[in-house]
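What follows is a single structure, written as structure tokens, with notes after it.
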Amino acid sequence: MEKVNEERDAVFEDHIGDRRRSVRSLLEEAFADEMEKTSYDVEVADTPQPHIPIRFRHPPIAGPVHDVFGDAIHDIFQKMMKRGQAVDFCHWVSHLIATEIDEKFSEVAFRDVQYNPDIYVTDSTTEAKKLFNDKIWPAIDKILQQNAETCPILSEKWSGIHVSGDQLKGQRHKQEDRFLAYPNGQYMDRGEDPISVLAVFDGHGGHECSQYAAGHLWETWLEVRKSRDPSDSLEDQLRKSLELLDERMTVRSVKECWKGGSTAVCCAIDMDQKLMALAWLGDSPGYVMSNIEFRQLTRGHSPSDEREARRVEEAGGQLFVIGGELRVNGVLNLTRALGDVPGRPMISNEPETCQVPIESSDYLVLLACDGISDVFNERDLYQLVEAFANDYPVEDYAELSRFICTKAIEAGSADNVSVVIGFLRPPQDVWKLMKHESDDEDSDVTDEE
């Protein structure tokens with residue numbers, strides 16, 4: 001038995017880069033309360049239960065069968081993030097847990113149900129949502145208790161670019177932002193796709209559309225990647241995946257009467273080809289940081305932009321100044337978005353895209369919501385990265401997004417705030433660049449290939 005335990009521990013170890021924590025230790029840390037309860041809590045018969053007030057909630061509308069698995073993965077991801085774990089680990093383990101529940105506890109293989117625009121089946125999906133929620137800890141317990149011969153080799157997953165991602169509710173009553181930060185395709189389906197995918201979705205009129213986008217972009221991305229034409233550029237693939245995502249979201253919005261929508265800023269990174277593509281709708285910005293500055297790669301889709309204003313009016317819309325800012329038909333201060341079905345065609349669902357080479361002087365990509373860009377310009381962002389690198393060790397690189405979000409709230413941002421960062425060079429290079437050292441030492445770093 002001792003030998004089996006040693007082998008099992010070895011399987012869970014991780015030695016790649018500076019990600020020195022084992023996956024086993026991360027799981028045990030995240031679920032410490034459940035493990036403690038399992039080890040010594042014993043239910044005593046006839047023990048009176050404390051009074052718990054019951055809040056009435058309207059029963060949820062049943063979603064379609066083809067969305068159950070993606071919805072479950074995002075729900076688990078959100079729960080893992082609340083337990084304080086790094087975003088890349090949360091992505092990987094949310095897929096692992098959802099797959100374990102789907103295979104071991106569910107009578108229906110929801111992972112295998114494909115999207116079909118002509119079929120909208122909702123049978124048993126409410127029960128399925130409850131199943132995926134209730135079986136998170138049992139699934140983790142099974143994963144931890146598997147013997148060495150059958151447990152997944154988790155160390156294979158620690159690959160791809162380094163990422164950081166976080167969000168804060170700020171002064172808003174509800175959190176309508178969502179995000180994702182996949183270091184590569186291995187975090188989605190255990191495949192070998194090397195492309196990294198990052199995104200921020202800023203919801204409005206409810207969280208439904210932003211949550212749907214974060215839960216299902218990985219599905220449409222993989223579908224496009226698997227069926228891509230050799231002539232399709234990275235930019236084409238990202239655009240197609242967003243268009244397919246919006247198609248699916250539109251069906252769900254109509255069926256469930258969603259009235260809101262979401263901005264989107266997405267980035268696909270191919271480190272092998274030294275290329276990155278961005279696709280966006282709305283005013284959530286995307287930046288790249290070089291050795292000397294941040295520069296914005298996206299253009300905000302708002303009524304104040306002359307081209308966007310002209311398109312809205314040509315589509316039959318009107319622009320009104322409400323509360324000191326232009327709004328489409330007096331309602332929305334955006335001209336493009338995912339969802340917002342009642343506002344079409346004035347509110348366009350067509351993403352804008354670009355593809356740029358990754359230069360040797362580029363260090364990281366940063367995606368954010370307007371809660372960040374409303375209070376920080378490009379120079380501010382550079383100084384925040386510099387301040388973090390000088391105050392914290394490089395091992396804390398995953399906390400950079402939380403640091404920027406916190407500083408945005410302190411600077412007076414009244415919105416939800418979200419930041420996702422993809423490192424185009426190892427975090428150690430960013431720290432060397434930003435450390436307050438001599439000019440000679442700094443110039444040596446910036447000249448590195």
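Going from the start of the chain as shown, residues are counted 1 onward.
Just so it is clear, glycine is given a Cβ too, placed from its N, Cα and C backbone atoms.
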Candidates D166, D246, D370, the one Swiss-Prot lists with D202, D415 as binding Mg(2+) 2: D370
The annotated region 'Interaction with fem-1 and fem-3' range in Swiss-Prot, which must be one of 28-34, 182-188, 252-258: 28-34
Residue pair D415 (Mg(2+) 2 binding site), G203 (Mg(2+) 1 binding site) - Cα distance, angstrom, rounded: 11
Whole-number Å value for how far D370 (Mg(2+) 2 binding site) lies from D202 (Mg(2+) 1 binding site) (Cα to Cα): 8
Counts by DSSP class (helix H/G/I, strand E/B, coil) across the region 'Interaction with fem-1 and fem-3' (28-34): 6 helix, 0 strand, 1 coil
Other parts of the chain folded back onto the region 'Interaction with fem-1 and fem-3' (28-34), taken as Cβ under 8 Å at six or more residues beyond its ends: 80, 83-85, 137, 140-141, 144
Other same-chain residues whose Cβ falls within 8 Å of the Cβ centroid of D202, D370, D415, the recorded Mg(2+) 2 site, in sequence order: D177, T263, D283, S284, C369, G371, I372, S373, D374, N416, V417, S418
Local confidence of the prediction over the domain 'PPM-type phosphatase' (160-424), expressed as mean pLDDT: 95
